[in-house]
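Colleague: The domain 'NXPE C-terminal' annotation in TrEMBL covers 22-95. Here TrEMBL flags 253-734 as domain 'Cas1p 10 TM acyl transferase'. Annotation comment: TrEMBL describes 269-291, 325-343, 355-375, 396-417, 452-468, 474-494, 506-526, 561-579, 600-617, 659-679, 685-709, 730-748 as transmembrane segment.
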């Protein structure tokens, strides 16, 4: 379904999500802040012409620039407004009827050297109905007057944005006696006349007067809340003002979550190169496949005419060369990236704003948890945090995070705080998993490092190129990448202390604890020294990776939010492996982790701790204050969950294969959601099938999960090719990768210069 003219949709159609949130048809509306409104309207002159309803719209509009404005102007007179700091002028001109006076005012802007307003908002009709008691003669005169004004408005529309506001319906039961003649039937007749005349005059003209008809739809839902039956309630007129701001400002400010009235961004140089690369990969793969297919047919088994026996060829299946596998991966990836681009960069599919309700979050959560229980299977091993259990943990956490994102639940603070714990739990597993590997295996080779870095970053690097986004935009991948390097550096620097060495002498354990204390000290210092942190990550080439909007503040904020949890994961792994080595825990199938008495006490403490954290998170009143405490206390609920999940023998011996399946592709799910499940870089929701929200979610989710799974397979296949085990070959590949990033940097510099 083509998105179409989103400006026209914004001005003419939409629906309410809940009671106050307006959703335009097919696109997303940005909520402008005062500073953004000022930046958009700097050195601009805006004029509102009309009656008391237009005056209402005027006040709502200027409150977007300055919320302190009070509605104290003359009721039946002109009202000026000026913001000198941004050189913005907004005037309301009292012309309650479409007559000669209004025509003269509009005509004055079309003549000579008079400065024309940049935005003109016009509308009037109810006064004509009221003064002339709803007579047909008044309607006929209204048509004549609009016909005379239409060419002037068209002339202004060549250089200015001109909007004709159609009349809102009234709530007839609430109208005073002096306004009883203003009926919805009369209003419809006046609106019909205005639309017919203004549209006919601009039918063959590129620059035309835009019809602001969406106000009617908003009024139909809210006019019964009016104080007098004629004027809209404040929330409705504020919505109209915000729509007006989106129509004009979105093409200037280009907000991520304001897709209405935004043109499709032009392809960058790097995107064009990527497009050519994927095209050649697809062509190359097809050519090689055809050659192999023909060779296979020639070698196909044939019947020996002399003996009548079937001869089989030496090779029954065609060999898959490294080049063919490489092209096959890039062929699939190219098709997938095309889908990414069409979903979130081309104006092909619709996008909608998120809207949170408790049911939209909690009902899917309950559904997937129940579904997960039905896929319970026995684990292959019964150790604490075994592979199947960690995959299960990642899986259900990722599904909850996905539901959190699509439902817009970040506006509900208790849910936000619990989701922050899930993100922290991912990082906890990063600390636990990588520490365990290095401690047990003692493998600090380049191959291991390159494998991990490739698997973590491959998809994000491709998306940065195709979707024209900075690396830091996909904040979670930089986060786990940096923490992996910190874990590696901590354990790899002299002296290298691993389990095999520590078993020889207990003092090595104290040496490792000393390393961990040094790490904790560095974390503490950087978290309270923003300047030092920013200096480290402002050096080239780190600045190219971690800057967002010209600074590294966002990166510092993200890093600081979960600064201790990776350390907690490393410490937990050290303590657990030490207990396991000294046989202080029982990990047999069905056996409790400790003695019955200790297990019961720890289980009770864990449940109380888990619930206590939830109560605290649910009672949070301020996001900033809770974020300050989160890094220190999130580990409480994480450890409580681990103990609850692992102390009882039966619970430790089973897992949900449903959640584990999603856990294996959790990283791909987290990244892919940005563009092909959500939209506008996670700010909205992708709409493949408009008008059917549930069916749309089912279809887009199915495609999204399939794509994530396919990308996981592609990443695994490419990792074997790009990062081989042979050191000399690996060195050559690393030089090629260095050349690739050098070229990327060169083209990025050219791209930035052309933009400036």
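Cβ atoms here come from the backbone N, Cα and C positions, even for glycine.
The shown structure was predicted, so the numbers you read here are calculated from the model rather than taken from an experiment.
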Colleague: Which sequence-distant residues neighbour the transmembrane segment (685-709)? Criterion: at least 6 residues beyond either end, Cβ under 8 Å.
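Modeller: The answer is 1, 25-26, 336, 339, 343-344, 349-354, 406, 665, 668-669, 672-673, 676-679.
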Colleague: Please work out the helix, strand and coil residue numbers for the domain 'NXPE C-terminal' (22-95) from the DSSP assignment.
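Modeller: Grouping H, G, I as helix and E, B as strand yields 22 helix, 21 strand, 31 coil.
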Colleague: Can you give me the average pLDDT across the domain 'Cas1p 10 TM acyl transferase' (253-734), rounded to a whole number?
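Modeller: That region's mean pLDDT is 91.
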Colleague: Determine which residues of the chain contact the transmembrane segment (659-679) at the Cβ level, with the cut-off under 8 Å and only residues 6 or more beyond its ends counted.
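Modeller: Non-local partners: 28, 259, 339-340, 343-344, 349, 351-352, 372, 375, 388, 390-399, 401-402, 405-406, 426, 455-456, 459-460, 463, 467, 474, 476-477, 685-687, 700-701, 703-705, 707-709, 711-712, 715.
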Colleague: Give residue numbers and ranges for long-range contacts of the transmembrane segment (561-579): same chain, 6 or more residues beyond its ends, CB-CB under 8 A.
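Modeller: Residues 384-385, 420, 423-425, 427-433, 435-436, 439-440, 479, 483, 486-487, 490, 499, 509, 512-513, 516, 519-520, 523, 526-527, 585, 627, 630-632, 634-635, 638-639, 642 contact the transmembrane segment (561-579) from elsewhere in the chain.
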Colleague: Below 8 angstroms Cβ to Cβ, which residues of this chain, lying six or more residues outside the transmembrane segment (355-375), approach it?
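Modeller: Sequence-remote neighbours of the transmembrane segment (355-375) are 17-18, 21, 23, 395-396, 399-400, 403-404, 407-412, 415, 656-659.
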Colleague: By a Cβ-Cβ criterion of under 8 Å, what residues six or more beyond either terminus of the transmembrane segment (600-617) are in contact with it?
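Modeller: Long-range Cβ neighbours of the transmembrane segment (600-617): 414, 417-418, 421, 594, 626, 633, 636-637, 639-641, 643-644, 647-648.
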